[in-house]
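So the structure is just underneath, and the comments pick up after that.
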Amino acid sequence: MSSENKKEPLLVITGPTATGKSEVGVLVAEKLGGEIISADSMLIYRGMDIGTAKPTSADRRGIPHHMIDIVEPDQDYNVALYRKQAMAVIKKVLERGNLPIVVGGTGLYIEALIRNYSFGGAGTDKTLRKKLQKEAAESPFLLHQRLAKIDPATASQLHPANTRRVIRALEVYYLTGKPISNFKRLDEPDPPFNLLMFGLTMEREALYRRIEKRVDRMIAMGLIEEVQNLLQRGFSPRLNSMRGLGYKEMISYLNGTLSLEEAVEVLKRNTRRFAKRQMTWFRRYKEIRWLKIENFADCEAIAQEIARCTEGVL
């Protein structure tokens, strides 16, 4: 950098699921000489491709993609580890003279990059955790509702079935009196990024139609077979990865709990609810410049607008 005070550029493209973030990100990267850093908590898993809508090699169009396929479905992973690894990747991208472009819809991952949070300072309480685990076993939805009352920002980002993270968020609150979403390291400044954030959005009904078509496409592409393969490889349905959208619903079909038609409808409903939670989370960000998809002819036009907005800024 030519000046000590100059901040390094960071471009973020986010928004709810099924809005075309991945395609737009690649097009922007082509225009600006960028590399993609995924901010999606499901794309980290190897072998989970169809249900996560993981960009294929063709989709990536030769653009480097990072933070994808980095762990097995049964490996533990958390936000703190994501931050450490993604920040190291961003540093290397900048050293190569390229623009780091963060693309994804996992709000906690994005938050971890643009804010300095202390993830371990709250400590743990084994007795409290066991109590919460027992309650979660009886009713994960009631536990999630409790979190929603004390920390709606975090609850909006977590599915009720993700009991491990729901329990951790409640544990932090009970130990500190503060929501985990408020945990910020005050002894150092925010990361030194010249930040530009864009959010893709569209009318709710149009988004829901997109979601339904996407689910139908996943089934046609072999989502059921993908889930069968994961189960045959020995990955437990109780893993956090296997509780992700698309996987838990197909497991319910495979074990006879739901018919295929029911499983597909439940997946569509759960994905719609997930998109709603994502929007609740992202509305907190004053930095986001929202781009309404209906106002553009296609993803290329959206990418052109984002590239135009970076001129003289990044």
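A Cβ is built for glycine as well, from the same backbone N, Cα and C atoms used for every other residue.
Copied over from Swiss-Prot:
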- Gly15, Pro16, Thr17, Ala18, Thr19, Gly20, Lys21, Ser22: ATP binding site (BINDING)
- Thr17, Ala18, Thr19, Gly20, Lys21, Ser22: substrate binding site (BINDING)
- 40-43: region 'Interaction with substrate tRNA' (REGION)
- Thr106: site 'Interaction with substrate tRNA' (SITE)
- Arg129: site 'Interaction with substrate tRNA' (SITE)
Listed in sequence order, residues not in Gly15, Pro16, Thr17, Ala18, Thr19, Gly20, Lys21, Ser22 with Cβ within 8 Å of the centre of the ATP site Cβ atoms:
Gly105, Leu200
Thr17, Ala18, Thr19, Gly20, Lys21, Ser22 excluded, remaining Cβ within 8 Å of their centroid (substrate):
Gly15, Pro16, Glu23, Val24, Ala53, Gly105, Leu200
Highest CB neighbour count within 10 A among the recorded positions Thr17, Thr19, Ser22, Thr106?
Thr19
Among Thr19, Lys21, Ser22, Thr106, these being the recorded positions, pick the one whose CA is nearest to that of Arg129 (site 'Interaction with substrate tRNA').
Thr106
Using DSSP, how many residues in the region 'Interaction with substrate tRNA' (40-43) fall into helix, strand and coil?
0 helix, 0 strand, 4 coil
Assigned element (helix, strand, coil) containing Gly15 (ATP binding site), judged by DSSP:
coil
Intrachain C-beta neighbours of Ala18 (ATP binding site), sequence separation six or more, cut-off 8 angstroms:
Leu207, Arg210, Ile211, Arg214, Thr271, Ala275
Cα-Cα distance linking Thr106 (site 'Interaction with substrate tRNA') and Thr19 (ATP binding site), given in Å to the nearest integer:
14
Lys21 (ATP binding site) CB neighbourhood, other CB atoms within 10 A:
25
Mean pLDDT over the region 'Interaction with substrate tRNA' (40-43): what is the value?
98
In whole Å, how far is Gly15 (ATP binding site) from Thr106 (site 'Interaction with substrate tRNA') when you measure between their Cα atoms?
9
Quick one, of the binding-site residues Gly15, Pro16, Gly20, which Cβ has the fewest other Cβ within 10 Å?
Gly20
For Arg129 (site 'Interaction with substrate tRNA'), what is the tally of other C-beta atoms lying within 10 angstroms of its C-beta?
15
